Every structure is written in C-alpha cells, then in structure tokens.
C-alpha cells in the first residue's frame, strides 16, 4: 500500500496524444467504433436525402423512422446479451407474433366480454400488457431452461421455438386477425394521439439534459474520490454539449412534424378551437413507442454496465469456463437472459400490434433476422463477449434507415432485400477489419 | 482454536472415472498450514483432475474431503470458495474481454448501497493489490486480452489472494511465464506461505516445484506413487518416481508404487 501513490498518477492519457483529433477522442473517451457507425449513418442519411430528392431528411420521415425502429430496437437490446453469451435467439419474431395474439385476445375478448369489464375499461390495456409480459417471460424461461439445464444448443431450441410459437400464434384464433385494439393500448403504437406533444417533449429534453449533466458530474466526482486520472474539463464540457445538443435536435425534429391537417381540424372542432388561416399546427412531439424504446435502451445499458448480472453476462461471453470457475451460476444467468429477451419481445409485440391496430398471425415475421442483423451491424460479435446496447440500437436505426430510404427512392422490394443483405455482410467485414487493425 | 497438527486439507480415497477410465483411483493427499505441497506427475497422471475435485470443478465418485478436520461438502466452485479454497488454473481462467478489476472481483463484485457495481472502489482495490504483486502493472482499463502472459497470471494470482484464501491451488502457475516472472511467483509463494496459507503446486516439471515445495506427492495413472519431504530425497529420485513409479528409500510409498 505504501507505493499506491506511485501506481495511480492522476494524469489522463489524453495529455500524451499529439494530433488534436486524436487528443479529443482520447480525452472524451468516446468509443471510436461507435463514432464510425454514427458517421456511416450520417452518410446513409445524406445519401438517401440526395437520391430521394430531399424526402429523407424531413421531420416527417425522421419521425416515422423513429417509430418504425422502436419495435426492433426494443428487442435488439436483449439480443445483444443473448449473442454476447454465445447464444442466439431465432424465435423472437415468433414470440412477438404469439404474444401480440395473446394480448389482442385478452383486450378484445377475454377482458371486455368474458370477464365483463366492457370495452374501453381503463384496466384493459394494463392487464393485456401484463398478460403479454407473463407469456413472453414464460416462453423465455422455458427456452432458457432447456438451453441452460438440458444443454440443448440455443440455435436448435430457438429454431424449434421459431416454429412452435408461430404455430401457436396461428392456433390461438385459428388464423383470424384480431382487431381493433383497445383505444388506450393503441397509444403504445404511436400516431398523432400516441405522441406526447410539444410541451412534454421539451420537458423530456430538459430531463434528459439534466441526466447527462448529472451523469458526467457524478462520474467525475467518483474518479476524484479514488484519485483516478480525470478527463480534462474541456472534454467533459464537449461531451455534455454533444449529448444535450443531440437530445435537443431530436426533440426539435419531433416537434417540427405537425399533425395531419384533417386530424388537427377534427381536434380543433372537438375542442372548440378556431383554425387559423395557415392551418392548425399541432406538433407530434416524441412518439410513445420511441420513448419506450429509449427507456428500454437506457435501462438495458444500465443493466449491462452497472449490475452484477451484466458483468456476469460479459464474463460468460468472454470465457464461459472462467465464469463458471469464478463461482457464477452460469445456467441461471442464461435462463435470466432468455427471460429478459422474452419480456422485451412482449414489449415489442405491444408496440407492433398497437401500431398496426391489429394482431395478425404474420406479425413479427422475419423480425428475428432484422434483430440479429441490427445487433451484428451494431458491433455485437457472434464469437461472444463483445457488444454494446448503444451500438445495437444504432444498428437498428441503420437497418431501418436503409429500408425506409429505399422505399422513398422507390426501389422494388426484392432489390431492397438484396441491398440489406449485402450491407449486412459488408458491415461485418468492415468491423472485422477494424478489430484486426486495432490489435 | 484448532489443533495445529490437524491437516488443513485431507483428501482420502478419492476416485473419479470418466466413461470407464479411472482418472483418479483411490488417491489420498493432505496439506498443512503454511505448507507447500508439490503434486507431480506426467500429463494425464490425474493430478489436475484430483485437484479439480478439491476446487469443485469436478464431482468425485468416491472418497472424503476434510477441511480443518471436518467433513466438507464441495459440489461446485462456489462451495470450494466458501471453504477458502482458491484456484489458479493452468489455462488462465480469466475472462479476456473485461478489465483486470472485473476479473479480480468476478463472482464477488463490490456493490454500492444502491445495489449497482462499485467499479471505482473495485478498481481502487485492484490497484492496491496489483501494486503489491506487480508494481509495473498499469493497464487497469484495458481488457485482459491485451495483457502479456505474466500480467494475466498476476491478475489470476491477485484474484486468489484478494479474498483471504486459506488454501491455494496453483495448476502449472509458471508454465506461461518468463524467468523473471517465474521468480516473482516464487517470491509470492514464499510470502503466502509465511502467512499460513497452504499451497498445492501442480506441475509436470519437477524443476518448477522442487525448490518451492516442502513435500512432493507423485501421481501416475491416477494413483499416488508416493510422497516425500523434499529435504529427504533428491530431484533424480523424484524423477524416478514420476517416470518409473520407483519409490526411493526416503519416500513413503502409495498404492501406485511398483514393487522393488
């Protein structure tokens, strides 16, 4: 202990970097890989904007993009943990389909008719969501237990699940589409009513900015407490400005997208408002599914970085044997990961079915592949041990941007699949190059 | 207080078979406080398997384990740790993708009052322990993958001593190390020994072990050939035990000894 002062010199490594850009990167401790992804996303956005004749970078398209990404984004946060532990889940799309069906039946038949709550009862959306979560977590627990305790490879178990749960979704109503959903439940899917509006969006922005500031402040205090090297003050400040700037820009975009004219007129009529000459401008604000997705992203990042569970997940991915020998109950952790995945599928199912305002037995078809692709594009390594929630969320945005960009450009649907497939392989190749150079 | 003559660890008549092959066959071994016992034998002699039974990685088919004279139930690595048994494995058992502090505290993380990981406190403790073990160690923020073999080994050793181990098992602790690092580990073993910790050193190379150990136990084909105090036998005699199973006069024969 006597030589402790010798080993913890509070000089930040950034003071050794020469080049100003390098110094900025080291000082802010920004993940360069993540930065590369943001750059790639920027190129995709600007490129599509040019080729679609300025349709891509409009508040309307970006708002829609955010809503369309929400469902996959929720699931990809769980898929990261699954893949980090060297497993895979091919059943998420099917689980989504089945859970959506269960929630649909619960809110259209079981609760209002069979239990006599009546349509539109305020408890209906909560109980339906709860039922969906129970089914999703239960399916995850079952699959996880088979993988962890019976030692059947995850690929096989979830491939089986892919067929079983899709079949089960079909079986619930014998293939009939369930619609319409409960009116409160529908808000989970977004739309003009399912957005929080101008004022609340800014409230969210203020809260987010405060959280960013507090996070940076407490992180700095913690480092000071243990006499660790600290980031230079200017680096902390630029991080805060970048974070808050991005938040404010996102909210500004969401608020710049007005309600469709008809809906705004109806709203004005119902509330006795006068419609001004230029038409009524009512901001959408942030959509509820986007808030859910962001909240899930924050919660999952917290879980993966700041809790024992998250630490074990990464340790298991890096060296399963070492984790086991360190006394970690790796089987139970595996079951918990799949339970979490099932729960996230349920949330995604709520978003998808609420957005469609129906539960169909094809809902979520191919989602497993989009989710896995998003995670992999976001830097999650199939070899295990590597992957971040933030990266995977960005991956989901990249995937959705490609798709909606191609739609705006009027590309045929077969061509869209071809492009997405090529981009997936290309992105992973780039990532391999990046990792090889880093070593 | 416990009688000082009670062995810290007593493993009696331990057997384990994998698919009909008797990896360990009625082996007995003991360890006292502050003693270093070298467990020697060829690759495949059963020494690692025997010791993995003590560390909870394998479940024995038969036999008893006594810790401080009391029968111990060890079914998994967690049980072993609760008896103060810490193991440093041959294949460096570290998670490559997380940093040194995370590896040191793996399975026993420090937690803030809110129930979240206290990374700063763990890193601080890690710096303290690593500073004692290997003052040149500075790469706390990087994944263990980026470290040299010796640095990784010091992480593994630090993990074992961090939690006040009473019984330390080192499986080929210096196999991956250079001469200087090997000497460091030797010094460390002497230091731990003077703290009253019992240490099993497992190796197939007698030179790694002979000078550090108080006693050697030799295994061959899953059986104990014999044991001897290092002061009463020569290296060549022990080598004879390892290679031919021939027990010299200064040693006590075990079930695996060959006649003559």
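The backbone N, Cα and C atoms fix where each Cβ goes, glycine too.
The annotation transmembrane segment is assigned in TrEMBL to A:34-57 (among others).
TrEMBL lists A:63-84 (among others) with the feature transmembrane segment.
Same-chain residues lying 6 or more positions outside the transmembrane segment (A:96-117) and placing a CB less than 8 Å from one of its CB atoms are 71, 75, 123-125, 127-129, 131-132, 135-136, 139, 165-166, 168-169, 172-173, 178-182, 185, 345-346, 348-350, 352-353, 358-365, 367. Taken from TrEMBL, the feature transmembrane segment covers A:96-117 (among others).
Residues annotated as transmembrane segment in TrEMBL: A:123-142 (among others). The list of residues near the transmembrane segment (A:123-142) in space but at least 6 beyond its ends in sequence, with Cβ under 8 angstroms from a Cβ of it, reads 91, 95, 98-100, 102-103, 106-107, 111-112, 117, 161, 165, 182, 184-185, 188, 335, 338-347, 349-350.
Feature annotation from TrEMBL assigns transmembrane segment to A:154-173 (among others).
Residues 186-187, 236, 239-240, 243-244, 247-248, 250-251, 254-255, 282-289, 291, 354 of the same chain lie 6 or more positions beyond the ends of the transmembrane segment (A:193-218) yet place their CB under 8 Å from a CB of it. Residues annotated as transmembrane segment in TrEMBL: A:193-218 (among others).
Nonlocal intrachain contacts for the transmembrane segment (A:239-259), taken as residues 6+ away from its ends with a CB within less than 8 angstroms of a stretch CB, comprise 28, 30, 59-60, 62-63, 66, 192, 195, 198, 201-202, 204-205, 208-209, 212-213, 216, 231, 267, 280-287, 290. Feature annotation from TrEMBL assigns transmembrane segment to A:239-259 (among others).
Per TrEMBL, the feature transmembrane segment maps to A:279-303 (among others).
What TrEMBL lists as transmembrane segment is A:337-358 (among others).
Residues 31, 33-34, 37-38, 41, 72-73, 75-77, 79-80, 83-86, 88, 90, 92-93, 293, 297, 300-301, 304, 314, 317-319, 420, 423-424, 427-428, 431 of the same chain sit 6 or more residues outside the transmembrane segment (A:370-394) yet have a Cβ under 8 Å from a Cβ within it. Residues annotated as transmembrane segment in TrEMBL: A:370-394 (among others).
Summarising the annotation, TrEMBL assigns transmembrane segment to A:406-430 (among others). For the transmembrane segment (A:406-430), the list of distant contacts is 40, 48, 51-52, 55-56, 61, 373, 376-377, 398-399: same-chain residues at least six beyond its ends, Cβ to Cβ under 8 Å.
For the transmembrane segment (A:337-358), the partner stretch with the most Cβ pairs below 8 Å, chosen from A:34-57, A:63-84, A:154-173, A:279-303, is A:63-84.
Only sequence-distant pairs (6 or more apart) were considered; of these, fewer than three Cβ pairs between the transmembrane segment (A:279-303) and the transmembrane segment (A:34-57) are under 8 A, so the stretches are not in contact.
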